[in-house]
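Read through the structure below, which is laid out as structure tokens, and then see the notes.
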Amino acid sequence: MTRTGALPPHAAEPTGVWSSKPFRRLWLAVSLSGLGLWLSVPALAASAAAAADGGPAAQARSAGLVLAVMALPAVLLAPLAGTAAARLDARVLLTAADALRFALVLSVPLVGAAPWTVVAAFLVALLALPWTAVPDAAVPALIGADRQDDELRGRARRAVLRAAFGAAPVAAVLFTVLALIARAADLADLPLYATAVVFLGAAASVALLRDLRGSGAPGTAPWPLLLVVGGGAAPRGLFLAAAAAALTTAAIAAVAVGHAREMGGGAAGFGSVLIGLTVGLAAGIFLGPRVLGPFSRARLLGLAVVAAALLLIVVALVRDLVVVVFVTSFMSVAAGMAWSTAAGLAGEPTDEQAAAPARLRAVALVTGLVAVAVLPPLAAALGDNAIGSYELAGTGAALLIAAVPALLAGVLAYRRLDDRRGIPLLPDLLAALRGEVYTPPSRGAERAAAPRNRGVFIAFEGGEGAGKTTQARLAAIWLRDHGYDVVTTHEPGATKIGMRLRAMLLDKQNTGLSARAETLLYAADRADHVANVIRPALERGAIVVSDRYVDSSLAYQGYGRRQPVDEIARVNAWATEGLVPDLTVLLEVPPDTGLGRLASPADRMESEPREFHERVREGFRALADADPGRYLVVDASLPQNEISRLVQDRIREILPDPVPAGTEEITSTFPAITDI
Ligand SMILES: Nc1ncnc2c1ncn2[C@@H]1O[C@H](COP(=O)(O)OP(=O)(O)OP(=O)(O)O)[C@@H](O)[C@H]1O
Ligand SMILES: Cc1cn([C@H]2C[C@H](O)[C@@H](COP(=O)(O)O)O2)c(=O)[nH]c1=O
């Protein structure tokens, strides 16, 4: 351990996450431990349910008690475990935790007493806490990333997180298979034995991880309950939505044992519902940021929660296990999408704004705990009821009751968060399905009635050193030669205020500028640029040639900084009053080539790591692919004169009353721009 208590740096290659052997071993240990935990949940719950006297509702109550005690440590004791983890040797702590979990799970069938099952379940979950803090803190040393290498550390941490949570669907499938074998072989406790073996494997794999030394945790984890009451600031609708999404999934997990038994399914039926739940959630979390790009994220969040709540009602009422499994998976996709969208809207957990995402997680955790604690006893208390010829099971009734607040919270979240008020939802959604942003007819008419710009607006875009300035200048010279009124301009810094903003934005001394502030400063520069330079020039009929415009913000702040691209587009649409170039020339060059062309010392943006510039390049390409009619994409490694020839040919097409290149060569004249 170093004097600061940090893990000693390891001499691993800092080139990539997976090239570090210690990291790969840590990843394996986390995967095994996660698998053990996620397998222990249904194994212990099913064991408690099987031991319960009474019908499905009583079984759901016993299983629910196990689930509730397993959720308790994360809600009530996480910070204490963090403090303990900060003082103990990481490898010893994790090895001991999983060796103990092996013994605890093994003891459940051996002791065979319901109270012990509950105690063991609590301890198994308690011993999972060091696994949430230690691997995360250990990552930088294991991959050899220094403090500056945020990108690499971020990738490694995400891989660890995926290993821990990605184990959930695998565990659900494994549990179902084990339950089927257990029934066929009359070995009811097989899932528990298998869980114990997985914990033993996790303990062995971490014991062999000699590079994991020193204390592993930072020691100051926030209390989830305090976060719920007074955590990070974010719109309240966001927390409502997160709570509702957590409620729908936790409700199903809470009563799944009894609900499956109601429909004639045993432990394997319970496992099938869990497969639907976990696979659906994983799919939804993956899809959330990727679907319906042009659609408002706030609207998507509200709709996803409402959809999840409505599908929960279907799960409550349907009495066929296969249908329940399918509807559960669709419901979980919606809940997963809601979760990842809410997390996206809460923002990246940066140093200055770590509290909002943490509060979101705390809200979900506490809601989940309340659901698993309340719904199973509620199902048992309600019992089965006949409504005419329809039999409503106690578990179904409990799910119906849970669906009501989830639905209300979804509607409320939609109304509170809606950032496109006044725009009808259905056409907005249909346009997004077609990949377009919906513009209401009235606004379209307003635009049509407004005096049209008479000039032409051309933007040059691309990464560092792509040749934008060179090509913008050559295009302007060519246009002026042919009698056009041309205004050449650039971003950031084309106005008096803009020059100050540019100095702030590009000064390397300005460290720690948040991504949102950066986005807004570029947008502020652009608003001033459009109002004072571009629009007046267009109105008098000039051709405006700008070195960078909105796409730079989408590519750098959106793709580069990993901020939501659609939100940045909206901020910029407002800043520019919707002014879009007639043509965008994208000069496409690998970052290494472009950066290699620059002679002056790197500024704040140019100093970003290579991966950042790669993402920017990807971003520009994605923007051009999405709207090919407006772009000319040119290979910027071509000689300058070849590029300008391609650019001239394309510009010719968008000029009013274009004259073919051949005519121009014959007559040596070029059409003057006229009123249009
Ligand atoms: N096609 C080209 N091939 C080789 N070098 C080029 C080419 N185009 C421009 N250059 C050179 O690359 C350097 C950067 O060019 P330029 O300033 O036009 O790029 P830029 O994209 O505007 O850069 P920045 O990102 O700094 O704004 C200059 O020295 C320029 O002469
Ligand atoms: C308009 C705009 C620019 N940037 C970045 C891109 C460059 O690194 C600098 C501008 O420098 P240049 O030499 O004048 O090209 O700023 C950005 O990140 N976002 C934007 O919107």
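Start at 1 and count along the chain as shown; that gives each residue its number.
Glycine is no exception: its Cβ is also placed from the backbone N, Cα and C atoms.
No curator has checked TrEMBL annotations; they are predicted automatically.
Database features (TrEMBL):
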- Gly462, Gly463, Glu464, Gly465, Ala466, Gly467, Lys468, Thr469: ATP binding site (BINDING)
- 460-645: domain 'Thymidylate kinase-like' (DOMAIN)
- 26-51: transmembrane segment (TRANSMEM)
- 63-85: transmembrane segment (TRANSMEM)
- 163-184: transmembrane segment (TRANSMEM)
- 190-209: transmembrane segment (TRANSMEM)
- 238-260: transmembrane segment (TRANSMEM)
- 266-288: transmembrane segment (TRANSMEM)
- 300-318: transmembrane segment (TRANSMEM)
- 324-346: transmembrane segment (TRANSMEM)
- 358-380: transmembrane segment (TRANSMEM)
- 392-414: transmembrane segment (TRANSMEM)
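In the three-state DSSP scheme, Gly463 (ATP binding site) is classed as coil. Ligand 1 lies under 6 Å from the Cβ of the following binding-site residues, listed in sequence order from Gly463, Glu464, Gly465, Ala466, Gly467, Lys468: Glu464, Gly465, Ala466, Gly467, Lys468. Sequence-distant contacts (6 or more apart, same chain, Cβ under 8 Å) of Gly467 (ATP binding site) comprise Leu587, Val589, Arg597, Ala636, Gln640, Ile643. Its own atom aside, the Cβ of Ala466 (ATP binding site) has 26 Cβ atoms within 10 angstroms in the protein chains shown. Pairs of Cβ atoms less than 8 Å apart link the transmembrane segment (392-414) most often to 300-318, out of 63-85, 163-184, 238-260, 300-318, 358-380. In this model, the domain 'Thymidylate kinase-like' (460-645) carries an average pLDDT of 94. Ranking the binding-site residues Gly462, Gly465 by how many other Cβ atoms lie within 10 angstroms of each Cβ puts Gly465 at the bottom. Proximity of the transmembrane segment (238-260) to the transmembrane segment (266-288) is established through 3 or more Cβ-Cβ distances under 8 Å for residue pairs spaced 6 or more apart. With a threshold of 8 Å between CB atoms, the same-chain residues lying at least 6 positions outside the transmembrane segment (63-85) that come near it are 40-41, 44-46, 48-49, 52, 93, 117-118, 121-122, 124-126, 128-130, 132-134, 215-225, 253-258, 365-366, 368-369, 372-373, 375-377, 379. For the ATP site, the Cβ centre of Gly462, Gly463, Glu464, Gly465, Ala466, Gly467, Lys468, Thr469 serves as reference, and the other residues of the chain with Cβ at most 8 Å from it are Leu587, Val589, Gly594, Arg597, Ala636.
By the count of Cβ pairs under 8 Å, the stretch nearest in packing to the transmembrane segment (324-346) among 163-184, 190-209, 266-288, 300-318, 358-380 is 266-288. Remark: of the binding-site residues Gly463, Glu464, Lys468, Thr469, the most isolated position is Thr469 (fewest other Cβ atoms within 10 Å of its Cβ).
Only residues 6 or more beyond the boundaries of the transmembrane segment (358-380), in the same chain, are considered here, and those with a CB under 8 A from a CB of the stretch are 54, 57-58, 60-65, 67-68, 71-72, 74-75, 222, 224-225, 227-228, 231-232, 234, 238-239, 242-243, 245-247, 249-251, 253-255, 258, 339, 342-343, 346, 349, 393-395, 397-399, 401-402. Reduced to three states, the DSSP call for Lys468 (ATP binding site) is helix.
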